[in-house]
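Student: Shown below is the structure under consideration.
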Amino acid sequence: MFPQSLIDRILAELLAQDVAATDTDPALVPVGVSNRHVHLSRPDMDALFGPGASLTRMKAMKQPGQYAAAETVTLRGPKGDIGKVRVLGPLRKETQIEISVADGFTLGIKPPMRMSGKLDGSAGLTVIGPAGSVTKEAGVIVALRHIHMRPEDAVRLGVKTGDSVDVVVSGPRGGVMHNVTIRSDEVSATEMHIDVEEANAFGLQNDALVRVRKV
């Protein structure tokens, strides 16, 4: 087992290399692969983990202020359950559950492909925690791939929030991802978000660099 200090130093060096590469060529952006996860509202947090419960910060994420929590829940649909689904913090105004297409088959639901926050008419399921459960009539989506981008990077690339770009992937499973939406604001770190299915299809892992191409 390697000491945590060594692991942290190696990760910091790798991240610094990614930042240096993207500063040299703004068209290169790092990838963040999202597995199934849940964002909870305050009322649902109370119902699942007990009144006044708070999330336990486990690991910081690249997007400022966001983190993976130690807490997990079980998702229950008409056809099955998926356990140990990570909760991400901080709490949100509305509960949002992001899963893959394959997860939808396991659960027996058909979540729409949506951008984060677009929950009207989305799928529902039951979320089970250690202190109780909540049944959501909506809130389940398959997240559309997108790129969070610092404003200065967006300016250098000549793109803005809402623009659709192509992303070119190199390697044995390389190809082009179309219909990738830009999301740029002052609190964003530049990073492309895809789900596990997309990552597997293109042979990508966290922190891999891909190239943005305007269309």
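Cβ coordinates come from backbone N, Cα and C, glycine included.
Checked Swiss-Prot, it gives:
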type: BINDING; residues: Val33, Ser34, Asn35, Met61, Lys79, Arg86, Phe105, Asn200; note: CoA binding site
type: BINDING; residues: His37, His39, Glu98; note: Zn(2+) 1 binding site
type: BINDING; residues: Arg92; note: phosphate binding site
type: BINDING; residues: His146, His148, His193; note: Zn(2+) 2 binding site
Student: For Lys79 (CoA binding site), which residues in the same chain are close in space, meaning a Cβ under 8 Å from its Cβ, but six or more apart along the sequence?
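Tutor: In sequence order, Phe105, Thr106, Leu107, Gly108 meet the Cβ cut-off.
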Student: What's the CA-CA gap between His39 (Zn(2+) 1 binding site) and His148 (Zn(2+) 2 binding site) in angstrom, rounded?
Tutor: 18
Student: What Cα-Cα separation, expressed in whole Å, is found between Glu98 (Zn(2+) 1 binding site) and Asn35 (CoA binding site)?
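Tutor: Between the alpha carbons of Glu98 (Zn(2+) 1 binding site) and Asn35 (CoA binding site) there are 8 Å.
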Student: Name, in the order they occur in the sequence, the residues of the same chain whose CB lies under 8 A from the CB of Asn35 (CoA binding site) and which sit 6 or more residues away.
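Tutor: Spatial neighbours, sequence-distant, of Asn35 (CoA binding site): Arg86, Asp195, Val196.
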Student: Between the residue listed as 'phosphate binding site' and His37 (Zn(2+) 1 binding site), find the distance joining the two CA atoms and give it rounded to the nearest Å.
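Tutor: Rounded to a whole number, the Cα-Cα distance is 13 Å.
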Student: Taking 10 A as the limit, how many CB atoms besides its own sit near the CB of Met61 (CoA binding site)?
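Tutor: A 10 Å sphere around the Cβ of Met61 (CoA binding site) contains 15 other Cβ atoms.
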Student: C-alpha of His193 (Zn(2+) 2 binding site) to C-alpha of Val33 (CoA binding site): distance in Å?
Tutor: 6
Student: Do me a favour and check the Cα-Cα span between His37 (Zn(2+) 1 binding site) and His148 (Zn(2+) 2 binding site); whole Å is fine.
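Tutor: Cα-Cα distance, His37 (Zn(2+) 1 binding site) to His148 (Zn(2+) 2 binding site): 18 Å.
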